Amino acid sequence: MRVLVAMSGGVDSSVAAARMVAAGHDVVGVHLALSSAPGTLRTGSRGCCSKEDAGDARRVADVLGIPFYVWDFADRFKEDVIDDFVESYARGETPNPCVRCNERIKFSALASRALALGFDALATGHYARLADGRLRRAVDHDKDQSYVLAVLTAEQLRHAVFPIGDTPKAQIREEAARLGLAVADKADSHDICFIPSGDTKAFLGARIGVRRGNVVDAAGTVLAEHDGVHGFTIGQRKGLGIPGPGPDGSPRYVTGIDAQTGTVHVGDVADLEVTSLQGDAPVFTSGVAPTGPLECVVQVRAHGGVADAVAELRGDTLEVSLRTPLRGVAPGQTLVLYRRDPAGDEVLASATIRATH
C-alpha cells in the first residue's frame, strides 16, 4: 500500500511513519507549510509547523530512508482555519481550530492531493483507532484525539490510518528512542499554532478591531463596557472588567454573548448549566444517519468530560437531551457523540453547537 504520512516533526507522527515503514508499505513523508510569513508559527516549544519542525521531520525521514517533501498549504490554511477562527469569535462563538484543520486541511485538501497522486492512504500521528471503519478512542485516554477527528466522513476515514492509537504515549517515546529518532524527547505542542504568544484576545483584537458593547447582569444592569465580544467565551470568569463578585459575593461568569448588540451577559455558576443542545452540519462517521433516537454520551471539549444523553436528528439539526447537565457550553464548539464500548468508545457523530438550553 502506498501511504503518505503527515509528519509534523513531533514524536507521534515520526513513530507513525516508522510503523508504516516497518509494516512494509511504500511510504512518503510530507510536512505542511502553513504560514507564508517569515519565521515560524510558534515560539520556543509551543505550537507546531515551524521551520524547525520541518527540519526535524526531514531528519526523521532520512533515518527511516523514505522520501520527504514540504507542501505549501499556507493560503488554504489561512482561509479555512485562521479566517474561520476569527470570524467565528466575531460572531460570539468559541471554535476549535484543530477540528477545522483536520476537517478542511489534513483530511480534505491534503488527503485529496494524496489520492490524486496515487496514494492509497493518509497516515497521521493522531491518538485514535479505526476498527472496521469505525472511529474509536485511543488506548491512551489522556492523549485521545478522537474528538478532533469526529468531523471526518466515512469516505475520509476509509483512507485514513492512525498507527499509534493502540499505544500509550510513554511507549511511543520509548519506541522513538529505540529507533534512534532525535525527536524522542521533544516536547508536545499545546498552543494554537498560529497564535505564537498564546494571547488569543490580542490576536483577535488586531484582526477584528474595537467593537464596543456592554457587560450586563441578569437584571440588565450595565456593569462595564468592553472592546468586543471576541474577548469573551461562555463560562469565562476572569478578565471580565467588572467591579467584583455578585451581590451575594459569588463569582460571576459569562453566561451569554449577543454579537449583534455587542452585549455580554454575566451571571452565577448555576446559569451556566444546560440540559439540551442543538447542533448543525452533523456528520455521522458511519455514513448513515440514524432514523430514531440515539443513546449516547456527549463531549463538547477536546479534553472535557462526558455526559449521558439522547440524540435525535430532526431535519438538518442534531438535537441532544442531556441526562446530566453540562456547564459552560458555547456556540461554535464541536459536539461529539460516542457509544460506550469496553473495546473503546466509538464515535457516532459530530455537529457544531448553535444553541443551548
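Cβ atoms are placed via backbone N, Cα and C, with glycine included.
In the record from Swiss-Prot, residues ALA6, MET7, SER8, GLY9, GLY10, VAL11, ASP12, SER13, GLY125 bind ATP; the candidate from LEU32, LEU115, LEU117, LEU135 listed for the same site is LEU32. CYS193 (disulfide bond) sits 16 Å from ALA6 (ATP binding site), taking the CA atoms of both as reference points. Put simply, the two farthest-apart Cα atoms among ALA6, MET7, SER8, GLY9, GLY10, VAL11, ASP12, SER13, LEU32, GLY125, the recorded binders of ATP, are 16 Å from each other.
In this view, GLY10 (ATP binding site) is surrounded by 21 other Cβ atoms within 10 Å of its Cβ, with every protein chain counted. Cβ neighbour count for CYS193 (disulfide bond) (all protein chains, 10 Å cutoff from its Cβ): 24. With respect to their backbone Cα atoms, GLY10 (ATP binding site) and HIS126 (site 'Interaction with tRNA') stand 11 Å from each other. CYS101 (disulfide bond) carries a helical DSSP state (H, G or I).
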